[in-house]
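Have a look at the structure below, then the notes.
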Amino acid sequence: ISYCVCLPQVVLEARHEPGYCAFYEECGKNPTVAGSLLPPIIPCLNYSRARALEGKHYQQLKKVCPMLDRGEGSTTACCSIKQLKSLEMSLMLSKAVLMRCPSCADNFAHLHCINTCSPDQTTTINVTRTINITTLGIVKEAVVGYQAYLSTSFADKSFESCKNVRIPATGGYAIATMCGRYGSALCTAQRWYDFQGDSSNGLAPLDIDFRLIPEGVTEGIPDGIVPYAGRALGCNEMTPTGAEVCSCQDCQASCPVVPSPPPPAEPFTIGGVDGYLVLCVIFLCVLILAFLERLIEPWEVTCTDKNSLATQEFLGSGFRAWGTLVASHPLKVLLASAVVTAAFATGLMHIELTTDPVQLWSAPNSRARIEKDFHDKHFDPFFRTNQMILTAPGRPGHFYDSLLFGKQNFSGIIAKDLILELLKLQKKIQFWSNDLNRMASLKDVCFAPLNPSNPSLTDCAVNSLPQYFQNSVANLNAKVNMTELGVTKEVDWRDHFIYCVNSPLSFKDITDLQLSCMADYGAPVFPFLAVGGYESYTTAEALILTFSLNNYPRDNVKFKVALEWEQRFLDIVQEYQKSPGNPFTFAYMAERSLEDEINRTTVEDIPIFMISYAVIFVYIAVALGEYTSFSRILVDSKFLVGLGGILVVGCSVLASMGFYAWIGIPSSLIILQVVPFLVLAVGADNIFIFVLEYQRDARRPGEKREERIGRVLGNVAPSMLLCSLSESVCFFLGALSTMPAVKSFALYAALAVLMDFVLQMTAFVALLSLDARRQDGNRCELACCVTVKTTAPTKPNEGFLLPAMRKYYAPVLLHPVTRIVVFIFMFISSIYLMFYVTVGLDQELAMPQGSYMLEYFKYLYAYFEVGVPTYFVTTKGFNFTSIAGMNATCSSVGCDPFSLTQKIQYATEYPDLSYMAIPANSWVDDFIDWLNPGSKCCRLYSIGPNKGKFCPASLGAYDKAVITDESGEIIGEEYWILFITFEPNTQTIKLRKSKVTCVSVLLATRFMAYHTALTTSKEFTAALKIARELAHNITLSMRSIPGTSQDFEVFPYTVTYVFYEQYLTIVSEGLFNISLCLLPTFVVCCLLLGMDLRSGALNLLTIIMITVDTVGVMTLWGIDYNAVALINLVTAVGISVEFVSHMTRSFAMSIQPTHVERAKEATATMGSAVFAGVAMTNLPGIVVLAFAKAQLIQIFFFRLNLVITLLGMAHGLIFLPVLLSYFGPGVNKAVLLRLQQAKAQELELSSHAKNIYDNIGYEDQENSPNPDTTPHHPVRTPHH
């Protein structure tokens, strides 16, 4: 066939009569149209009567244009059978995106059938341009342009039926791909038809000028023309062929009435005032009134008194004997202690440090972990994200007058030179891999959804703006002159970009550049993944570059390669950031960045912790000394004792870690940071109490040094046991927590505290015995061979603190004028504030100051318009192959209005409440479209060697696939397999996304939606909660489908859920853990004080107050409540025991006559030791932590531990003495009676001894003849 083409000519005259055609039959291809998706076949100009149709011709018209069917023998039309087939092929591509709404597709076909085949063709169209085409020597006049007249009623109703039809794969509207530069937001009926009539759109074979004429208007209409005013279907109407109404997702009029979700719960109020505040004020008044009354007189000797005395005597005598034994054999005890500690510590060779955040903060049996494991098993783990967000602040933008899209404002970042620079940057990364023994690049580790088995570089999922140009410099530089509506202009990359961000699924733009919008790896690049910070895409403030890598298991060799690639990525980006020619200001991250930065911070802050421990050690060594005179400083100092105390703490921590390493319980960095600090606080207190008691005690006549040490230990060890046992049991019970990090911390802390007490009762007693031996010999501490002549004073040394507290502090504190109201007010205030503490941990707080990740988070929150993708995953047990099953999950025509995807769609209509931004794409809808014979996607060979096998849509020979059998079941699993494995093309453009999120042999499926941009921990947690509620609602409705297993489930999954799930239950979890920790403080106190319930209750009350006040101050100081804070609150209970229990026991054992005197004695004697041993030990070390780089350490270790220490000190040394002076137990009558009996016996013995002495002296004098010269020979005579 040869063509002779002449220039187009304008048709000057045309006749418009009913029953006549303007053109008929095909003349050939339109030579003025190039690069069309379909051959641009144009009709021949032919003014003639409409033809009567019969046979195959009639059947073809009935199939393609049923609205023109008037019955065989009565139907006439203006199109040949060839034209009908071409029209069918053209409509097929458009229906691929419109067939979700049959009435829309019907209206679309209706118009083009009227234009092409109407028997009254000349009354609705006016041919405006023709061209001469010579074929086989025959010259034919072909139509290349005409006007089509439509009534606005038909045009508007057709447009209304189509404007809401969605493409679930993108979350956008189908109309956006059919309205050119205007997209869906600015599309109107006129603009929609203008795009359809534009031969440059890749589908229209000729130019059609659609004229929309309002009813009754005749001006400007050629004679004989009657604008077509046929009946267009509403989207909520069935088609004449029986197709169902459009789904709710595509047609608002089809939607059932769905009630709006309830607004957030109103705050709790009483009489319009904050309810918590009112209740707290009432509670405050009740407590104040309680302190207006004084207690009753002391009890008589009771069973409790006797039990208390028996307990104290038993513990005192036991520890006294033990202390004497240890002090007598110090070297043996030290050796035995060292051997036992070493045996435990050797387990450190097998220690495992858990650094994976998932394993640290999410329990293996938690719902989020189970769901994550299920998802990863069936769909592979969530890919690893490596990302850059680039801006160009200060760079001027420009206006671009586009031929197709009009005047457009381009921001400074959307510039070709910057896009080329970005393209150059993203191609840099390759390196030598020792694991692969060759050069490695992105293709070795990338996520390649369409070719995962053997990917090339162009198969890798890289999302960026250059992907709209397939990462091709040539495509980006392409320019071409284009004529539109008589205007010729140059079109370039900007026109292509504008088109693609509005139609990312297009294989070909509407410009003469004829470039695809699809990425080089075969999937669309949605604009919210390519640009950020926009109101319109051309004014975006940031470019986004994202590399997606496969998330290999950690034992896979390619996991190391992925880590190497990410490290190389970071190195190149950091080097590029420093280069002088860099035009960008940007932030960046790799998947490994979070873990790297946390580990780096930990290593960098180790010196801070070492300095903290050193400061504590110096304080202990100095504070333990007696310093009676300058010449005895080296004798009375306790440097080696302080060092020994520190070593005891260190050995207890090593023994604990070694033991758990032996039995396979992993450790973590938080254990290395917190447990030594905790044990040091607990251990230092016991050391101070023991050493200060020894220094204040006077050796009794005839008492050996070892016996004195044993006696002192017998006095203080029960108090030390009370605290250590309470804390250890507290932490062991805390190990019942479901959070792995909290559980492991509690186990390590419990054993470390227990080991610390054991080593204090052995090694430290032995060290003190050796030091006492040295001090008694007046030998210097660091030079044992050097002795000092100055002798030690005979009076016990009380130091500075004890006299000061006895003389000044205790009397002032317990003066009748002093009130406790301030502490009650603080307690009630803290209860109120506790209800408003923020729950969560914003991820930027895990980063050190100055980390590049902080800048990344800032950019992320500022420029990202859409949040993380979330999958709604279905488990096995649901019959997707039944019609009912498909209807319960799809969202297209005929689907249940409350189907899975439709419910997600409803949720996206309330993004502020649901945190859902983009509806779920539905592979079920795509499968239905794929099966539809009209799509020509699912076809089988009808002849030849491949008969019965799958036939690609690009080939001609086919049979329609049989969709269902009589029972409504899909025939054969092969259709599912074919759908999963087919390769999309222009016929199946809409289905390409389904290829990415395919199913796994129907054991599990997933539907991908997008969250809104989430920035805070609170929002992430709320999004998880709402998504789970939505999934549960979907699960219940799908279980009602016949044949569905009752264990079938739909659950939401995204990569962040596993971290934020803990915040759904952390309040109840924290209350449970802290309550478990508080329980032993009461029980142990009662038991060790001989069932003294009142002391136990006051002890418990004070610890509760410290904990509550700590949470209240957290609210004021901006410390969020999370797992790290929970660990510190559990620690706070342990430290509070040190501040409180020693004081409570000291008061209970005092025999002063009044409550006030006993409180004074306890405050002076034990309060001074607690102040020196706990408060002043902790504070210097805590202050040093303020200089740490890690924000976690600054907030949750410096701030929180400072609060805990100050509140513990205030409650233990101010509140508790006052509380005991009011409500403390009475004097233990059994102790008092025992002391009175002992005193009476002592007086009797003293009197008896005096009488003996007097008698002996008298007899000596009587028997001596000369007292001055005769020696005395006393004779012991019995005294009667």
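The backbone N, Cα and C atoms fix where each Cβ goes, glycine too.
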Open item on the list: Looking at 525-549, 850-874, 1200-1224, I want to know which stretch TrEMBL calls transmembrane segment.
Closed with: 1200-1224
Task: Listed stretch, out of 669-692, 1070-1090, 1123-1141, that has the most CB pairs under 8 angstroms to the transmembrane segment (1162-1188) - done: 669-692
Open item on the list: Averaged over the domain 'SSD' (605-770), what pLDDT does the predicted model reach?
Closed with: 83
Task: Distant-in-sequence neighbours of the transmembrane segment (606-627), which means Cβ under 8 A and at least six residues beyond its ends - done: 633, 636-639, 641-643, 645-646, 673, 676-677, 680, 684, 687-688, 691-692, 695, 797, 799, 1172, 1176-1178, 1180-1182, 1184-1185, 1187-1188, 1193
Task: Tertiary contacts of the transmembrane segment (712-739), as residues 6+ beyond its ends and Cβ separation under 8 Å - done: 312, 315-320, 322-323, 361-363, 365-366, 682, 685-686, 689-690, 693-694, 697, 745-747, 749-751, 753-754, 756-757, 760-761, 765, 1062, 1069, 1072-1073, 1076-1081, 1083-1085, 1088-1089, 1123, 1126, 1130, 1133-1134, 1137-1138, 1141-1142, 1145-1146, 1166
TODO: Would you confirm whether the transmembrane segment (1123-1141) and the transmembrane segment (639-663) meet the contact rule of 3 or more C-beta pairs below 8 angstroms, pairs 6 or more apart in sequence?
DONE: no
TODO: Answer yes if the transmembrane segment (745-770) and the transmembrane segment (1200-1224) have at least three CB pairs under 8 Å among residue pairs 6 or more apart in sequence, and no otherwise.
DONE: no
Task: Distant-in-sequence neighbours of the transmembrane segment (669-692), which means Cβ under 8 A and at least six residues beyond its ends - done: 353, 355, 360, 598-599, 602, 609, 612-613, 616, 620, 623-624, 638, 641-642, 645-646, 648-650, 652-653, 656-657, 712-713, 716-717, 719-720, 723-724, 727, 741, 744-745, 748-749, 752-753, 756-757, 760, 764, 768, 799, 802, 1124, 1127-1128, 1131, 1134-1135, 1138, 1142, 1166, 1168-1170, 1172-1174, 1177-1178, 1181, 1193, 1197, 1201
